[in-house]
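If you look up Swiss-Prot, you'll see C150 marked as active site, nucleophile. What Swiss-Prot lists as NAD(+) binding site is R12, I13, D34, S121, N314. Annotation source Swiss-Prot lists D-glyceraldehyde 3-phosphate binding site at S149, C150, T151, T180, T209, G210, R232, citing sequence analysis. Sequence annotations record features per position, and here Swiss-Prot assigns site 'Activates thiol group during catalysis' to H177 based on sequence analysis.
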Amino acid sequence: MTAKVGINGFGRIGRIVFRNSFSHENTEVVMVNDPFIEVQYAAYMLKYDSTHGNFEYDVHIDGDSIVVNGKKVKFYAEKDPAKIPWKDAGAEYIIESTGVFTTVEKASAHLQGGAKKVIISAPSADAPMYVMGVNEKTYAGADVVSNASCTTNCLAPLTKVLHERFGVVEGLMTAVHAYTATQKLVDAPSKKDWRGGRAAAQNLIPSSTGAAKAVGKVIPELQGKVTGMSIRVPTSNVSVVDLTCRLEKGASYEEIITAIKEAAQGELKGILDYTEDDVVSSDMKGNPHSSIVDIKAGISLNPNFLKIVSWYDNEWGYSRRVLDLTAYIASVGK
C-alpha cells in the first residue's frame with residue numbers, strides 16, 4: 001500500500017521529507033501547503049540545497065503545481081489548517097512540519113480538510129509519540145501522532161538495545177547538535193533563551209533539550225532514568241549523541257558492541273547502524289539511519305559504566321523516519 005501524503009510547511013524538514021519520498025516505495029507526496037512562499041520559490045528551494053546539494057530529479061512548475069520527474073504535486077498557500085483542501089488532492093496522511101501546529105488540538109484541524117491521519121514532525125506536548133524500531137507497534141489508531149525529535153530518534157533505538165540486553169540504571173546524554181533555523185546568524189535578541197540568541201556560526205552554545213527525557217515516553221521503563229542537554233555547534237548538518245550510562249548487568253565494551261551489531265543486523269536493521277571507521281560529521285551527511293554508533297569513539301570505565309557515541313543526520317535520517325512512520329500507520333489501517 002502506498003500512502004498518499006500531504007506536507008504542511010515546506011521548511012527544512014518539509015523539503016527533505018519531499019526529497020526522501022522519491023526513494024521511499026511506500027509513500028507518495030501528492031500535495032504541499034505553505035502560506036509563506038509562492039510555488040515558484042518552493043520549486044527553487046526544492047531544486048537547490050546548500051547542505052544536500054541539487055535535487056537529482058528535474059524540477060519545474062506547471063500552473064499551481066510543482067512537477068518533479070514528470071510527476072505533478074499540487075501546491076497551496078492556505079494559512080488556516082482547517083481550510084487546506086487535502087481531500088481534493090487525495091492526500092490522506094498529512095506531515096505537519098511547520099513547527100507551529102504541534103498539539104493534538106491544533107494538528108487535528110487538518111482532519112477537517114479530509115485528512116485521515118496527521119504525523120507531527122516534531123515533539124508534541126500531548127500527541128502520542130512514536131520512534132520507529134522502538135515503540136511504533138504500540139500505535140492504537142490515534143488520528144494525530146508525533147514522530148518525536150531527531151535526537152530522540154537517535155538515542156531511543158540505542159538505549160533500547162542497551163536496556164534490553166544489560167539494563168539501563170540511569171543515563172546522561174549530551175547531544176552535540178548542528179545549528180538550526182531557530183538560531184541567529186549574528187547576535188540578536190532571544191528573550192527566552194539568552195544564549196540561543198548568540199551567533200550560531202561563531203559559538204558553541206549550551207542548550208536544553210527534552211530529547212533524552214522523551215526516551216521515557218517511548219520506553220516507559222526508563223521514565224525518569226535518562227536526561228540530558230545539548231550543545232549547538234557551528235556546523236550546518238549532522239549531529240552526534242554522547243550517552244553515558246550505568247548498566248545493571250556488567251559487560252565488557254566488546255560485549256556491548258556485539259549486542260549493538262546484532263541489533264543493527266537484525267530487528268533494528270535500517271534504523272540502527274554502526275561504523276568502525278575514523279569518521280567525522282560530514283561523512284554522515286545523507287545517512288538514512290536514525291543512529292550510527294561510532295565504535296571507536298566509545299569508552300568503558302568498568303563493566304557497569306560506559307560512554308557510547310552515535311551519529312545522526314538530523315535532517316535526512318529524521319525525515320526518512322517521518323515517512324517510515326507514515327507508511328506504518330497507513331499499513332496498520334486503524
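Using the three backbone atoms N, Cα and C, a Cβ is placed for every residue, glycine included.
Sequence features, as recorded in Swiss-Prot, placed on the structure.
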{"residue": "R12", "record": "NAD(+) binding site", "CB count, 10 Å": "21"}
{"residue": "I13", "record": "NAD(+) binding site", "CB count, 10 Å": "25"}
{"residue": "D34", "record": "NAD(+) binding site", "CB count, 10 Å": "24"}
{"residue": "S121", "record": "NAD(+) binding site", "CB count, 10 Å": "31"}
{"residue": "S149", "record": "D-glyceraldehyde 3-phosphate binding site", "CB count, 10 Å": "22"}
{"residue": "C150", "record": "active site, nucleophile", "CB count, 10 Å": "28"}
{"residue": "T151", "record": "D-glyceraldehyde 3-phosphate binding site", "CB count, 10 Å": "27"}
{"residue": "H177", "record": "site 'Activates thiol group during catalysis'", "CB count, 10 Å": "23"}
{"residue": "T209", "record": "D-glyceraldehyde 3-phosphate binding site", "CB count, 10 Å": "21"}
{"residue": "R232", "record": "D-glyceraldehyde 3-phosphate binding site", "CB count, 10 Å": "24"}
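Of all the binding-site residues listed (T180, N314), T180 has the fewest other CB atoms within 10 A of its CB.
In the three-state DSSP scheme, H177 (site 'Activates thiol group during catalysis') falls into the strand class. Our reading of the NAD(+) binding annotation (R12, I13, D34, S121, N314) yields a largest Cα to Cα distance of 22 angstrom.
A gap of 11 Å separates the Cα atoms of G210 (D-glyceraldehyde 3-phosphate binding site) and the residue listed as 'active site, nucleophile'. G210 (D-glyceraldehyde 3-phosphate binding site) is surrounded by 16 other CB atoms, counting those within 10 A of its CB over all protein chains shown. Between the C-alpha atoms of D34 (NAD(+) binding site) and T209 (D-glyceraldehyde 3-phosphate binding site), the distance comes to 27 Å. Those residues of the chain, other than S149, C150, T151, T180, T209, G210, R232, with a C-beta within 8 angstroms of the mean position of the D-glyceraldehyde 3-phosphate site C-beta atoms are A175, H177, A211, S230, S239, N314. The distance from the Cα of H177 (site 'Activates thiol group during catalysis') to the Cα of T151 (D-glyceraldehyde 3-phosphate binding site) comes to 9 Å.
Within 10 Å of T180 (D-glyceraldehyde 3-phosphate binding site), as judged by C-alpha distances, no recorded positions are found among I13, S121, C150. Closest in space to S149 (D-glyceraldehyde 3-phosphate binding site), of the binding-site residues given as R12, I13, N314, is N314, taking the CA atom of each residue. When the alpha carbons of T151 (D-glyceraldehyde 3-phosphate binding site) and N314 (NAD(+) binding site) are compared, the span between them is 7 angstrom.
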